[in-house]
Amino acid sequence: MVSLTTSEVHPTMGVKTFSAGISACLADIITFPLDTAKVRLQIQGEGQTSSTIRYKGVLGTITTLAKTEGWPKLYSGLPAGIQRQISFASLRIGLYDTVQEYFSSGKETPPTLGNRISAGLMTGGVAVFIGQPTEVVKVRLQAQSHLHGIKPRYTGTYNAYRIIATTESFSTLWKGTTPNLMRNVIINRTELVTYDLMKGALVNNQILADDVPCHLLSALVAGFCTTFLASPADVVKTRFINSLPGQYPSVPSCAMTMLTKEGPTAFFKGFVPSFLRLASWNVIMFVCFEQLKKELMKSRQTMDCTT
């Protein structure tokens with residue numbers, strides 16, 4: 001009997017989910033300062049966040065934060081970010097192939113674009129609902145400032161969960177689910193599908209082998225396309241999640257307030273750090289994801305051969 005090679009053995013759902021979660025956590029740790037800079041730029045210009053400190057550009061925001069609030073502030077909210085990736089990315093990315101195969105109904109032909117989009121929408125929707133509380137806590141910890149003697153709303157991750165649930169309501173932990181769902185519908189539909197299509201085009205046309213350079217280029221292209229399309233929903237999501245009770249009656253109200261007071265460019269605030277963060281996050285996550293899947297399947301094959 002001829003055994004399958006490692007490249008021919010498809011990773012199990014468990015391997016994909018585990019690999020996605022670990023890879024996403026690693027990517028988040030490395031790129032978190034960019035995410036914090038993005039949040040600060042996105043909320044800049046709001047009434048409640050107006051201050052004498054103005055952030056300019058990616059490096060300017062990072063250095064200003066480090067000088068005025070200390071380097072640790074760049075990683076404020078990281079525990080919630082890690083929790084988010086464990087509950088969110090592991091499902092959104094890890095289950096993508098499995099759901100895609102389900103929509104393909106076991107056909108031997110490659111999945112259609114519709115199958116890929118449907119898989120991205122389903123995994124993204126489930127992941128947003130499960131991971132939304134971690135998103136709320138992460139954004140609020142990143143947004144709060146310790147300047148001018150202002151007492152912070154929250155002293156830490158678990159304190160934030162408790163304060164939000166007890167002083168606002170338990171349902172507030174799911175605040176901003178609608179714009180976050182919109183954002184992740186765009187991200188999943190663009191990021192995973194673009195990465196999938198780009199990787200397939202490079203490999204099938206024998207431009208690049210299915211290895212690190214191919215994964216790197218595919219991730220960069222997916223990152224740019226995703227950032228451009230998802231930026232408006234991302235800014236509205238951040239503003240709405242970070243808002244005080246009653247500040248914005250609804251998500252459309254938040255969007256209209258931004259448009260009338262700050263203009264259409266407000267929807268692209270923080271675009272550069274958002275792209276740098278998402279592109280670098282994509283590169284780290286997808287490259288680690290692909291390599292980790294391969295190594296885990298190699299280990300599994302080795303164990304199967306010895307038993």
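Note: Cβ is positioned from N, Cα and C throughout, glycine not excepted.
Taken straight from Swiss-Prot:
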type	residues	note
REPEAT	11-102	repeat 'Solcar 1'
REPEAT	210-295	repeat 'Solcar 3'
TOPO_DOM	1-10	topological domain 'Mitochondrial intermembrane'
TOPO_DOM	33-73	topological domain 'Mitochondrial matrix'
TOPO_DOM	97-116	topological domain 'Mitochondrial intermembrane'
TOPO_DOM	134-178	topological domain 'Mitochondrial matrix'
TOPO_DOM	196-212	topological domain 'Mitochondrial intermembrane'
TOPO_DOM	233-266	topological domain 'Mitochondrial matrix'
TOPO_DOM	290-307	topological domain 'Mitochondrial intermembrane'
TRANSMEM	11-32	transmembrane segment
TRANSMEM	74-96	transmembrane segment
TRANSMEM	117-133	transmembrane segment
TRANSMEM	179-195	transmembrane segment
TRANSMEM	213-232	transmembrane segment
TRANSMEM	267-289	transmembrane segment
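Secondary structure of the topological domain 'Mitochondrial matrix' (134-178) per DSSP (helix as H, G, I; strand as E, B; remaining residues coil): 32 helix, 0 strand, 13 coil.
Averaged across the topological domain 'Mitochondrial matrix' (134-178), the predicted model reaches a pLDDT of 90. For the transmembrane segment (213-232), same-chain residues at least 6 beyond its ends with a Cβ under 8 Å from one of its own Cβ atoms are 183, 186-187, 190-192, 194-195, 198-199, 202-203, 267-268, 270-271, 274-275, 278-283, 285-287, 290. Across the topological domain 'Mitochondrial matrix' (33-73), the DSSP tally of helix, strand and coil residues reads 26 helix, 0 strand, 15 coil.
Sequence-remote contacts of a segment are chain residues at least 6 beyond its ends whose Cβ falls under 8 Å from one of its Cβ atoms, and for the topological domain 'Mitochondrial matrix' (134-178) they are 35-36, 39-40, 43, 49, 51, 53, 68-69, 73, 76-77, 79-81, 83-84, 87-88, 128, 237-238, 240-242, 245, 251. Within the chain carrying the topological domain 'Mitochondrial intermembrane' (196-212), a Cβ under 8 angstroms from the stretch's Cβ atoms is held by residues 7, 110, 113, 116, 218, 221-222, 287, 290-291, all 6 or more beyond its ends. Long-range contacts of the topological domain 'Mitochondrial matrix' (233-266) within the same chain, counting only residues at least 6 positions beyond its ends with a Cβ under 8 Å from a Cβ of the stretch, are 39, 42-43, 45-46, 48-49, 135-136, 139-140, 143, 168, 175-176, 178-180, 182-183, 186, 274.
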